[in-house]
Structure formats: C-alpha cells, structure tokens
Amino acid sequence: MSNENKPKGQNSKLGDWFRTFDSLKIMKWSVYLFFFLFLVLPLFSVFLVSFTGQPVNILGSLVNPDIMATNIERLSNASLEHYQSLLGGGTYFYALRNSLGLAISVSILVILLCLPLAYAFARTTMPFKKTLAALCTIPLIVPTFISAAGFIIMFGRTGWVNTIYQSLGFDGLLINAYSMTSIVLIQVFFFFPFALWPMVAAFKIADMSLEEASNNMGSKNWTTMFFVTFPLAIPGIISAALLIFTVSFSDFGTPIILAPDGLNLIVVEAYREISGFFNWAGASILTIVMVAVAAIFFWLQRYITKNKDYGTLSGKPKGMRLNDSKWVTRSLLVYTCLILLIPMFVLLSVLVQSFATTWGADFLPRGFTIAHYATVFTRSGDNIMNSLLLAGGALLISMIVATLVSYFVVREKTSKLDFMSSIPLIVPGIALGIAYIQTFNTAPLQLTGTAFLLIVAYAIRRMPYMIRSTMGTMMAIKSDIEEAAVNLGASKLVAIITVVGPLMLPGIAAGSILVFVTVIKETSITVLMAPADWAPMSLMVFQNLLRGEVYTASAMAMLIIVLVIILQTLANKITKNSLY
Amino acid sequence: MGSVKVQNLVKKYDKATALKGVDLDIKEGEFYALLGPSGCGKTTTMRCIAGFEKPTSGEILIGDKVVNNVPANRRNCGMVFQSYALFPHYNVFENVAYSLNIRDLYSGSMGQRAKTFARLMSRRLSKPTKEIQRKVHDALEYVELGHLAERGVNELSGGQQQRVALARALVMEPSVLLMDEPLSNLDKKLRNTMRTTIRRIQQDLKITTIFVTHDQEEAMSMADHVAVMRDGEIVQMATPTELYSSPKDPFVADFVGSSNIYEGQVMETNAQGNPIVKITDNIHLVSDTRTDKKDVKVLVRPEGIEILRKGSTVKSENVVEAKVKISTYLGPTIRYDLELEGMDVMVEEEFQPNTTLYAEGDTVSVHLPMERVVLI
C-alpha cells in the first residue's frame, strides 16, 4: 500500500485495520475468547490454586481491585507445601501409585488380549469377521459405570456367577466385585476395542516381503510370526498401549462404583476432595497431576504414531497372504467369542435385572416384570428430557465452534486454534469439572451449578471429536467454491453460511451425533457438575445405584444403551466409514 | 465504468516474488488476454484484480476508482474459474441466481431479507422473486441452457458446466468479466465452440473481459489485445497480429507460434537503408526491420518462407539453396524441415493439389522475403 496516495497517511494503518475488520474476524476472536474463557483460564487457575491452596479469582481481579489485592496476597503466599502429600507416604502418593498401577496393568493385559484378536482380524481368514468386528464395538457403547453395575450383578456377594461358583462346592467368591481385580477386568474387557483397531492396522502394515523372505529362508510360519510379524507391528502396539493407559487412567465410571473403601484411586480421590470436602488445594493438585500424566502419555502416543505413515492403508496391501489354516482360524474364532462373551454377559445381566422382580442369591431372578420401565418413564421422564436438552445444547455449541475452527484451521492455517482445540483430549473429565467449579465459583462469571456451565463443559470435552469430523469435510471443499461466492457478492461470513456450511453438513451431522451420544454417556462431569433440577439420565442411574435402587437403575441404563446404539448406527450410516 | 488499470503491481510472498511491477491499461469493452507459461504471474494478476490477493504494492483501478481496499465481494467483477467452482448443493437455476439473491440479502426490508436468506439455505423454503426468475432465465437462454435450469450441476457435461459458470458471472452485470483458463478442462472440439460463444457474448455485451490462458491460439483468436507475461513481468503488450508479426523478444516469438530463430550480426545497410544481416559467412539476409543493434536475433515464421519452383520469378535477394530433410503432409499445409549449412529451417507451405511434393534429399531454392525477416 503506497501511502503517498492517501491524504491521511498516518491514519492509514488504523483505517486499514478497521476496513478489514469484518464479521469473520469477529467470529475468529469469539472462538479464541471461547477457548480462552472455558479452557485456558480454568486450567490456569487450577494451576495457581494448587500452589495457593485457596481459590484465585482471575476474572474478578480484572474488574475489582479488592479482589485483585486478595489474589495477589494469596499468590504471594504460594508454596509447594500442598504438593507434599504427593511424596512418599501421603494419601495422594498412594492414589497416584494405585492409578498408575491400574492403568499400566490394564494396558498390558489389553495388549496381550488383543494380540491374537488383531492377528485374527488382520492376517487370517477367520469366519464371521464382519459380525465379530461389529460386536467388538459394543463394549465402547456402554458407559463404564453401567458395565460396573453389571459386574456387580455377576460378581457381587449374591451375584449369579458367584452363586454358581458356590453351588459347585467352592467357598467364598470367585471374584469380589468391589476390588482392584474387578476394576481391572471391567476396563480390560470394555476398553480393548480402543486398542484393537490400531493394532489390526499395525499388523496389516507390516511388510509382507520381509515375511516372505523369512519363510524363503526356511523359517516355519510360527517362527516368522514371532520374530518378524510381531516386531514389525511393535510401534503400532506401543501406541495402542499408551492410548489404553490414558483411557484407563482417566476413567471415572468404573472406580467410582467398584473401588472399595481401602482403595485410593486418583479420580475417586479428586472427586471426593471437591464434592465432599471442598478441598480446593487437594482437588487442584490432583487435577494438575491427572492432566500432566495424561498429557505425557498422550504426547508419547502422538510421538510414536507421528513417524508412522498409515496413509497407505487404503484397502488391502498388495500380496497379503491370509492364514487359512483351519486349526488356526477355528481356535481364533473360539478365542474371539470367549473374549466377547464377558462384555455380553455383563450387558445381559443388566438387561435381565431391568426386567427382574427380585434377584437375590439365585441363578435367575424370581420373576419378571416391566414395572421398572414403567417407573422410569413415569418418574424420570424429566431426566430423559434433561439428557436430551443438555446433549442438544452441547451439540449446538460444539457444532458452531467446530465448524468455525475447521474453517480457520483449513483455510487460514490458524495452527494456534488447532492446538488449543486439541487440549481437551488430555484433560480427564473429572479434572475439567474441578477446574470449572473453581474458576466459575464467584462473580463476575458465577456459573458453577448452572446448566449452562455443564453444557459448555460437555461441549469443550467433546470438541476434538467434533472438529475431527468437520475438519475432514472442510478439507474436501475446494477454496475456489468459496471464492466464487465472494466474487458473486457474498461477504466471507455469508459465503460460509450459504456455501461452506451446507457442503460441510455430512461432517457436521456425523460429528453432532457422536457428540450427542458421548454427552448422554458422560459420567464424570455429570456427577460433578449437574445441578439437581437438571439431572440427566446418567446421573439418575448413578444415584439410583448408590441408593441401591438397582432395578430402576438397570432399566434406565438399558434405555441409555438403546439410545446410544440407535444414534451411533445413524452416525455410521452418515459417514459410511467402516473400521475394518 | 468498465476500464481496468493496473499500475506497477507487485506481489511478494514469503519467499518468492510473483509479480514484479505489472502495468495494464484495459479500455472499456476490450477483450484482453493475459498469456504466458504456468507460474508467470498471470493468474496472480487476475486474482489481485478480483480482490482475492492483496497486492504488496501498486494500484488497481476499475473504472476510475482505486479498488485496492475494496473487498472482493464489492468489486463487481464476474469471474469464471478454471474449475468452474459451481456450487454443488444448488441446481443450475440457483447457481445462476446466487449473486442476485446475495444482492437482495444486503438490501430491502427485513422480511424480504429473511425470505432471501431462507431461499439461499433451501429451495423449499421460499420461491425466487419474479425479477430473479426473469434475469436468470435470460442469462441461461443467452448461453443456450434455458432447458436445464432445474438440473443438478453434477449432472451436466463439462461444456454445460462452463456455460453455467459463464451465465452465473454475467447475470450480475459485472463491470469486468474475469476468466481464468476457462477452456482448459474441455476437449478440443468443445473448446472451439466455446471460444466462439465467449467471443460472441463479449461482443454483444461489450463487456470488458480479462482472459487468462497459456494457450497462444486461444489468446490470439479471441482477444483484442494480448499481454505476454514471463516471470512476473509483462514482456509485450500488443494486438495479436502485431504480436505475431513483430514480436519484441525471442520468448514472445516462440510462445506465440512456431518460428525459425537465428543469431546474426548487422553488417551494413543497403541502398534503401535496410539492414543486411550476416547469419553465416555465406548467408546474408536483407530485412526491413530498422534497428540500431549489431547483434540481433533473426526470426522467420515458417509460413513466411517461400519455396521457389521452376518457372517462378527469380528473386535477386534472400534466396538460398537448402536440402529437404523431412517432409510432412499436414492436410491444408505441408511442412518441410530443411537443412541449410547445418542449420534447421522450418517451412510451411500451403498445399496446392497440382504440385508435387519434395522428397527427402531434394535440393530446393527458398526465398525469405525481406518483410518476413524480423530482427529482434
């Protein structure tokens, strides 16, 4: 821009800035503000509180000098003393140790369990592959606290499995539902699909020619498998293990239901600190620890997959020879079915209980009734409605934000937004909840205990999934279509609304359904933040379980599961992408 | 209203400089072609005019208004994209109506605006106004697509899509029509038809048109004026005939048609003051290009060279003997690749039914008329 042509040379910069300040820029700044307010700020204040031990009202400091003074005083007293209980001997130390132990054992067990499974799906002609693959996604559909409840039906003191066990002449319980063992088992059998598909991919990608070379040199098939195939798949396997670690470490549903009194786990500990004792310092320290651990493992996992090119994974690799030995495929089929049997039994137990009159220490309930469903529909209609409204609200927010974020990231290469919007991936639900409760506890933005904050929390937590979905479709829209709209007179914003938006619809729709589904399943944030008059279905199940109203809890749980299955099928129909 | 002026336009990216000071002066109603190889900056120039790129420096005037700070959506430049960039979620009618709807969206009462917005989101929500219907149908009739208004754009052939894109740009009555390689996705036959169609419409509407292409035939056959670009600069601006007969630069000469180009030195001038150029010791040619330079490039177009047959008038100057290397029959013309003291000479002769073709190895006399010997 040559300044000499302009009469007011010195004003031209400001003038330019104003001229280019269109509605799109306002949108961009709004998105930034949204992430700042509801993601960066809460995490940052939790970080501060972990040192001060008392709430730090950052927003308040900005509008009120008195609050500012108090905060500064609190900050000047900041110390590491609250972190001491993390050291050897402290309660938090044991909580962290137990949680790490849990996550590590679950990861290892899942990998061991998945090795034959992944091999079966990737490298053999195992019969019923498609059906089994579909069944393998079912564990992911069930919210973990429902699986935990199902586990109690099986392995509780009067659980039917333990009943059978005792009737066979054994003493005591086969497995105690309220124990570390059962937590591990639930997580292993309900999280394994997270690891299975990356591992299948890893097995498919391993270079066939190397295997053939090995066979040519006279190795037997099984030697090749152990010394060539598995080692080649190792990066993929490690990455899957790290993923499982993060999922297990942040899982709240299982431990909150099954952890016995003596067993400290970090998520449960954090939940008790905040909702039981309002211990700001403790809750923040645990939050920081959770985020840090999840971040490290998330980063490790990214780091390992980064150098792996899965881009060539289109269809079947050339010359893939599948193992069709009858002995191998049949034993793998039996193995797969056995693995799937456990989550199925858990689900079945919930289903049977939801129709049971009473179900004590017998193999089957005494009688069957649909009374629990009637109760659910008459008494808890509001909860169903709340769930739908909350999920709808979260969907709306994440839809708008995700669409804009994908637009800015793809078209304007705004990598800062890309990074910011992926932060929620490393924040466990319970940690996000604690951060929110602390940050929005006081004026000027007093939102704690409102449905709005709950909706925002849901939206932020599921934002990465929504963005992944919209970003894909956004990349497929060529920029000249949008330029054409602008050329024909539309402002950028109008072009986005009338042209880009409709073209992104499939991605938005698929993402929306996934957000809706996960919000309905969401436990940790719900339990922590849901206001009493906005209690959704998941909270209802949770409270009924704690109160011992197991039959209605099961009926409601079945309702959630059915809803989730329907919506998930719909989402898959829309995206038409299959996992295998 | 419709003239376009570009003054010293510079566009720099992080590393590369795409435009190094481009000047254009396009009169109202003119058909102007920007011609050049890929990466020469022709598309960047057009995108700067359309407002999609912000120039690093320089000015762009549409009419007599500086538009540097006018956003792309208010420049009223109709653009036809190389990929056509039709909106896949709209049918033909809605594609063409888009600009009219957008215009209504920014003016009129709130109720009307709401209706227009609804119409943009889905055809089921609101019917287009009478005026829009008329204008769109006129535009579609104009490109002979009136019968396809309700089709989806993906059901159309390439040529039809091209026409929709053209109608969509024309319906907004733009002050300038910009076309970015609009014919490059069509097959040869269709390209010829579209060339005539575009030229006809341009002449009918007297609309200022800027046409970007890398195909010299396209540029030469359609445009009133051609600007040849290379490496972010304009090498020559001229009418197609000027460009062909007296290119300023070997690059231009080569780009706008096949040519024989040799190195030569101006030795002296003859009685008429025309320079005599030495190409080899034995070959001296007279040219009617006046020049001050000593070292020159000598350009002779293949069809400018005449093969002398027995009985034709003997010329006194610029006659040389050459040997036929290859003779190629091309239908309307015959091409001879001749050898002249180790140099290749390309000659193109019109095919006459009663002449015999020369065969390989024949020796022929060729005449290079002085007015066809161009010194650069």
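Using N, Cα and C of the backbone, Cβ positions are placed for all residues, glycine too.
The domain 'ABC transmembrane type-1' feature in TrEMBL is assigned to A:96-301, A:384-571. Sequence annotations record features per position, and here TrEMBL assigns transmembrane segment to A:29-51, A:100-120, A:132-155, A:175-203, A:224-245, A:277-300, A:332-356, A:388-410, A:417-437, A:443-460, A:493-520, A:550-571.
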Relative to the transmembrane segment (A:388-410), the stretch among A:100-120, A:132-155, A:332-356, A:443-460, A:493-520 with the most Cβ pairs under 8 Å is A:493-520
Other parts of the chain folded back onto the transmembrane segment (A:132-155), taken as Cβ under 8 Å at six or more residues beyond its ends: 117, 121, 126, 161-162, 173-178, 182, 185-187, 189-194, 196, 251-254, 256-258, 333, 336-337, 340, 343-347, 349-350, 352-353, 359, 521-523, 538, 541-542, 545, 550, 553-554, 557, 560-561, 564-565, 568, 579-580
Within the same chain, the residues 6 or more beyond the ends of the transmembrane segment (A:100-120) and with Cβ under 8 Å of it are 126, 136, 180, 183-184, 187-188, 191-192, 195-196, 199-200, 202-203, 225, 229-230, 233, 237, 240-242, 244-246, 248-249, 255, 265, 293, 329, 332-333, 335-336, 339
Stretch of maximal Cβ-Cβ contact with the transmembrane segment (A:332-356) [cut-off: under 8 Å; candidates A:29-51, A:175-203, A:277-300]: A:175-203
What residues in the same chain, six or more past the boundaries of the transmembrane segment (A:277-300), come closer than 8 Å to it by Cβ-Cβ distance? 43, 46-47, 49-50, 52-55, 82-83, 85-86, 92, 95-96, 100, 242, 245-246, 249-250, 266-267, 269-270, 425-428, 430-431, 434-435, 438
